[in-house]
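Here Swiss-Prot flags 1-12 as compositional bias 'Polar residues'. The compositional bias 'Low complexity' annotation in Swiss-Prot covers 21-36. According to Swiss-Prot, the compositional bias 'Basic and acidic residues' annotation covers 39-53. Swiss-Prot lists 83-191 with the feature domain 'PB1', giving sequence analysis as the kind of evidence. Annotation source Swiss-Prot lists region 'Disordered' at 1-66. Swiss-Prot lists 23-27 with the feature motif 'EAR-like (transcriptional repression)', giving similarity to another entry as the kind of evidence.
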Amino acid sequence: MSTSSGADSSPPVSGLDYDDTALTLALPGSSSSSSSTADPERKRAAHADHADAKPPSPKARAVGWPPVRAYRRNALREDSARAKLVKVAVDGAPYLRKVDLAAHAGYAPLLRALHGMFASCLAVRGGGGGDGEGTKLVDLVTGAEYVPTYEDKDGDWMLVGDVPWKMFVESCKRIRLMKSSEAVNLSPRRSSR
């Protein structure tokens, strides 16, 4: 027991005292001589350095994402101002598409675009010239023929191609590819009401 009493009075064998072995929130490798009174001084010194820094320039700030240059933004605005988007629906299809009427020069390119949109379920049958006359959209599974119709400003459903192209673009609200059996009653001057 004399050895244990001698160990209590003598310094520890490893040379570390209680303060050296205490767990603190300091970073690893920081000196143990730094006390809690020294940390606020360092913090104040670092804070004083940042007080003199200038704020970032207005160009360095991120305004929107993704970053788009001004000329590209303006081009997008101009394109959207000229665009005449209308919804396109197919009888029996659970989804709609949009088509830009201003991007097409006439009925034939519009019908080709409609076929391209719904190529997975529709095929083109018949064949006329390049004007799109005589072509019909046919369902691949059932064989039903579809006729392109549109709703005008007055809410009347009319056949696509019954009016001049410019008048069609101005008055079209939406396009519907109807089954030809349902579109029998549609005519250029008759309303569906």
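Just so you know, glycine gets a Cβ as well, placed from its N, Cα and C.
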The domain 'PB1' (83-191), counted residue by residue under DSSP: helix, strand, coil:
24 helix, 35 strand, 50 coil
Could you give me the DSSP helix, strand and coil counts for the motif 'EAR-like (transcriptional repression)' (23-27)?
0 helix, 0 strand, 5 coil
For the motif 'EAR-like (transcriptional repression)' (23-27), the mean pLDDT of the predicted model:
78
